[in-house]
Amino acid sequence: MNPLASIMITLTIILGTMIVMTSSHWLLVWIGFEMNMLAIIPVLMKQHSPRAVEAATKYFLTQATASMLLMLAVVTNLLYSGQWTVTNITNPLASAVMTLALVMKLGLSPFHFWVPEVAQGIPLSSGLVLLTWQKLAPLSVLYQISHSVSPTLLLTVSLMSIAVGGWGGLNQTQLRKILAYSSIAHMGWMTAVLAYNPTLTLLNLTLYILMTTTTFLLFMFNSSTTTLTLSHSWNKSPMIATSTLTIMLSLGGLPPLTGFLPKWMIIQELTKNESLLLPTLMAMMALLSLYFYMRLTYSTSLTLFPSMNNTKMKWHLNNTKKVPLLPPMITLFTLALPLAPALSTLY
């Protein structure tokens, strides 16, 4: 891609997201969504392969449909309230349609169908943007309207997303699809607590983005896209391979790693609100995600696939890539659980 075009596309993506996050007028929010969607399409298609074009087309159709539903809800609310203000939603039907539109943009169940397919058809760098940065704009709008959204609808969507995120990843060998289903499950956890403590959703989002970014950087360092190529990374860089598996267990929420912290705090918050059945179901379904991460760890570390490279490290296998940010990121996002008391005072 032309460097100048790449800079312009990146700035447009950032600007579109910033417009959505800082606007209080629905028309500006819609414009920000459209800017972001149109700018991300070339990023998804930068490989110029049929699979990438297919993924970009699926992404475009889904996001365009969600934007149409969002404008339908906004106009419906305008007819009843006469206002374009984001936080002023008076009509229950408009609130429900608006929530479903944002759920579709986030890729939550039952509108999760596009996330694994799009993530699988694009390169790792584009997948990183899709599963992290692209969550900011819809979730910020959902955060602003959380006071007028039906808690029952949010909890139903969150439980379905956690279940789909766990079940969907069980039979996968493609790392991008595994991370896509993990994203669906994590978004389910965020929406579950949104009606009770929206600020806790921001903590979960921050930790999710940082852990997912670290995981993608490790995969890009190893050039790993499947469990087979991930198992071969032991011969090239054993420490990086070990770190990759540790951060993936953290994504699964295994204590005492960092990924356990947001789940712990969300279950605690739901219990405070006299909701016992919901956190119990969420904790049980979270075991599905943890299971496929532990199975992945076992298959890539304790067993080795048949390969000509299962020998001692050779000079031609030495990895010359240097990523200075990886060591502190790996350390922080696997061993940050002792920060829980400090974070609990903030959230």
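For all residues, glycine too, the Cβ spot is worked out from N, Cα and C.
Because the structure is a prediction, the values reported are computed rather than measured.
As annotated by Swiss-Prot, transmembrane segment applies to 13-33 (among others). Only residues 6 or more beyond the boundaries of the transmembrane segment (13-33), in the same chain, are considered here, and those with a CB under 8 A from a CB of the stretch are 39-40, 43, 63, 67, 70-71, 74, 78, 84-87, 105, 129, 133, 136-137, 140-141.
Summarising the annotation, Swiss-Prot assigns transmembrane segment to 59-79 (among others) and lists sequence analysis as the type of evidence. For the transmembrane segment (59-79), the residues of the chain that approach it from at least six positions outside its boundaries are 26, 30, 33-34, 37, 40-41, 44, 88-91, 93-95, 97-98, 100-102, 104-105, 111, 114, 118, 130, judged by C-beta separation under 8 angstroms.
Outside the transmembrane segment (96-116) by six or more residues, the chain places 33, 58-59, 62-63, 65-67, 69-70, 72-74, 76-77, 89, 135, 137-139, 141-142, 145, 149-150, 153-154, 157-158, 160-161, 163-165, 168, 177, 180-181, 183-184, 187-188, 191 with a CB less than 8 A from a CB of the stretch. Swiss-Prot lists 96-116 (among others) with the feature transmembrane segment, giving sequence analysis as the kind of evidence.
The transmembrane segment annotation in Swiss-Prot covers 122-142 (among others). Outside the transmembrane segment (122-142) by six or more residues, the chain places 13, 16-17, 20-21, 29, 32-33, 36, 40, 43-44, 46-47, 52, 55-56, 59, 86, 99, 102, 105-106, 149, 176, 179-180, 183, 187, 190-191, 194, 201, 205, 208-209, 212-213, 216-217, 219-220, 225 with a CB less than 8 A from a CB of the stretch.
Residues or ranges marked as transmembrane segment in Swiss-Prot: 149-169 (among others).
Look at Swiss-Prot and you will find 178-198 (among others) tagged as transmembrane segment.
If you look up Swiss-Prot, you'll see 201-221 (among others) marked as transmembrane segment.
Annotation source Swiss-Prot lists transmembrane segment at 247-267 (among others), citing sequence analysis.
If you look up Swiss-Prot, you'll see 274-294 (among others) marked as transmembrane segment.
Feature annotation from Swiss-Prot assigns transmembrane segment to 323-343 (among others); the stated evidence is sequence analysis.
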Long-range neighbours of the transmembrane segment (274-294), counting only residues six or more past its ends (CB under 8 A): 155, 158-159, 162-163, 165-167, 169-170, 172, 178, 181-182, 185, 189, 192, 248-249, 251-254, 263, 266-267
Close approaches to the transmembrane segment (149-169) from elsewhere in its chain (Cβ under 8 angstroms; 6 or more beyond its ends): 92, 95-96, 98-99, 103, 108-110, 112, 116, 142, 177-178, 181-192, 194-196, 278, 281-282, 285-289, 291-292
